[in-house]
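Asks: Got a structure here, written out as C-alpha cells. Questions coming.
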Amino acid sequence: NFLLEAILFLLWGLCCCKIGWDSVMRMSADLRDLFLYEVFLYYNPLFLVALMIWLWGVNLWVFAQSSVNYVKVFDLAQTHLSHREIWRCATWLTLIVPTSMTAYLYLYSHGEVSLAASQPVLLYAILLIVLLSPFDMFYLSSRFYFLRTMLRIVLPLQAITFPDFFLADIFTSMSKVFSDLERSVCRMVNRQVATIAWFEADSICGSHSIAIPLVLVLPYLCRFFQCIRQYKDTKEKSCLLNALKYSTAVPVIFLSALKYHVFPDQWVSFYRPLWLISGVINSLYSFYWDIKRDWDLSILTRIFMFKSPSTWTSLLYGRNWVYYWVLGSNLVLRCTWTYKLSAHLRHNYLTVFAITALEMLRRFQWVFFRVENEWNKMTAKQNFEMSSDMPSESDRLLESSSHTV
C-alpha cells in the first residue's frame, strides 16, 4: 500500500514538472522572468509552510521514540495529532499546492488568463476556509488549539505558557513567509494576479510597500511583548534580556527596507554599514541565547568537554559530533538570516527561498534541544516537589518516638 502510494506520488510529481516546464517554455522570453517571479511569490510561502509541517512531524516522531514527553510539555489533549496525522496534513498540502501552480502555468500559457488568475485565489480561499471552519472535520480540536495559541501570541493578555512562546519563536523563522503571504494577498485584493501591472504600480504591493518591513517585524514584536509580559508576571531579569534580543531584529529589518526609500549613495555610505553592524549584533546575540538559555548548554562543560551528554547525543548513537554540527550550523544560519533580509534580494526569489528553507531546518534542529530542555526542567521540578513532600528520616524517627504503647 505504501509502495503504491509512493509510486503514484512520484508519477504525479513528474506530470506536474513536465506540464509546468512545457507551459513556461511557451511564454515569451522577455516576460518569463517577471511572470515566474509573480508565480513564485504566490506559491513559495505555501511550499515553505508544507516543509515546516513535514519537519514538525519528524520532530514528533523523534520525541515519540525518546523519553521526552512532548504531550505533557505542550499540555496537549488526548486527541492531539500524532506524527502520522501531521505527515498526512503535509502530504495533502504538498499535493494541492503544486497542482494549483501547474494549473496556473498551463492556463496562462494557453491564453486563459482569467482562469489562471483564479487558481491562487481559489487555493488561498480553500486553505483559509479549512483552517477557520467551525465544523467537526479536519481535526477541529487541533485547529482550535492552534488558532487559540495564535490569538494569545498576538494579544499576550494572559500569562505566557510554553506553547505560546514556542510557536511565536517558530513564527520568527517564518517572517519572510508571512511577508510573501501579505504581498500575495495584496495582489489578489488589488486584482493584479496574472498580470505584470503590479510591477508598474510598485508602491502598492511591490518592493516599496511599507507593509513588507511591518509584516517582517511583527513576529519579533509579538515575542518582545511576550517577554515583557513574562517579566511582569515573574520579575525575572532574564525576560528583559530576552526582550532585548528580539528588539535587535527591528533595526535590521527597517534599515534594510530603507534601501528603497533613500538615495543609493546614502544607502552605500551610511545605512548599509549600520545594517551590517545591527545584523552582526542580532546574529551573535541570538546564537548565544540559543546555546545558553534555550538549550541550557554550558559552553565549557557540555559542548567541548561533553561531561553531561543530552538525550539526543545518545539517541544519535552517542556521537559527540552532533553538538559540533548543531553549534556550527546554528551560527552560520543565524548569520544568513541577515543576508536573507537584504533589500537587493527581494527579486532574487530562488536565493531567498533557499535561505528561508535553511532557516526552517535550523529551527527544526533547535526544536529538539529546546523541548528537551523544557522537559528536563519539568522533571527536575517534579522530583524536587516529590522530595520536599516526603518526610525526612529524622521526621520519621520523631514520629515513631511519639507513639505510646
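Every residue gets a Cβ built from N, Cα and C, even glycine.
Annotations in TrEMBL come from automatic prediction, not curation.
Just lifted these from TrEMBL, have a look:
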- 203-402: domain 'EXS' (DOMAIN)
- 386-405: region 'Disordered' (REGION)
- 1-17: signal peptide (SIGNAL)
- 41-64: transmembrane segment (TRANSMEM)
- 85-109: transmembrane segment (TRANSMEM)
- 121-141: transmembrane segment (TRANSMEM)
Asks: Can you name the far-off residues of the same chain, 6+ from the ends of the transmembrane segment (121-141), with a Cβ under 8 Å from a Cβ of it?
Replies: 46, 77, 79, 81, 85, 89, 96-97, 100, 147, 184-185, 188, 193
Asks: For the transmembrane segment (41-64), could you work out the same-chain residues 6 or more beyond its ends whose Cβ comes under 8 Å from its Cβ atoms?
Replies: 70, 82-84, 86-87, 89-90, 93-94, 97-98, 100-101, 104, 120, 123, 127, 170, 174, 177-178, 180-181, 183-184, 187, 193, 315, 349, 353, 356-357, 360-361, 363-364, 367-368, 371
Asks: Averaged over the whole of the domain 'EXS' (203-402), what is the pLDDT?
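Replies: Overall, the domain 'EXS' (203-402) comes to a mean pLDDT of 78.
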